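Worksheet: the structure to be examined is printed underneath.
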């Protein structure tokens, strides 16, 4: 898929979600969250830094938050290009999308689940990402500031980086949508237009998109770090716990299903790697999929504290 086609597809997904008439509280709040993210991107970010010439890069790790933001970013990228093309003296049919791949950085801090690594590579091709992957330091965690510093040295034209962090994430509470990095970091602008989203918004839009989702979420993970500090969320353990699924409508009416005459409850998750299958076979419990969890305060309950 070409980047122009990927961006146009993401625009169609986003536009379709914004026109859902089934106004559950979750969908209505997610529509408002999308509108605010679009405002940040189109009215505040793209007017200061061009998304078409390498001034902006995208931080991507294959997680649910990053993927949601990537879909919205590509959607706005298409709209930005379309508006500029419409305002040109030349007809739209003679306009060509000026980018082949989206500049992207993957900060690979820890030993990662092979399923997630595979998903990052697969979606890099799907969304036409020019992926720079930071190097781990002899098996140890790499310092994030140093990893970004290495990236900036290789891509000095980068002035701003889009980051899919939310207010409920560690150290996210006081962040702003647009802010400069701290003094001990390489100098660039942090673009964080997803801060106001909550967990229900993330699941609702991602499940509706019908895009491939990292298979680890289907195994009960809700927050994915390294293999040594991430487990399925204990609040999704299949014992006496019987959580409700809040996203049945989004799953059944997901983008593209109606057009194909489908009304299935299947969810597009990526394959689990052989290595991870063996690892998960040693778990003594079974878990509901990650999207059964909607409490932001419990999202990181599967992360092991060092």
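The count begins at 1 with the first shown residue.
Just so you know, glycine gets a Cβ as well, placed from its N, Cα and C.
So that you can see what the record holds, here are the features copied from Swiss-Prot:
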type	residues	note
BINDING	59, 107, 164, 182, 183, 184, 185, 190, 300	FAD binding site
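Features as recorded by Swiss-Prot, highlighted on the structure.
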residue : record           : contacts (Cβ under 8 Å, 6+ apart)
59      : FAD binding site : 66, 104, 105, 106, 107, 161, 162, 163, 164
183     : FAD binding site : none
185     : FAD binding site : 145, 148, 149
300     : FAD binding site : 170, 222, 223
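Neighbour density for residue 164 (FAD binding site): within 10 A of its CB lie 25 other CB atoms from the protein chains shown. Overall, the recorded FAD-binding residues 59, 107, 164, 182, 183, 184, 185, 190, 300 cover a maximum inter-Cα distance of 28 Å.
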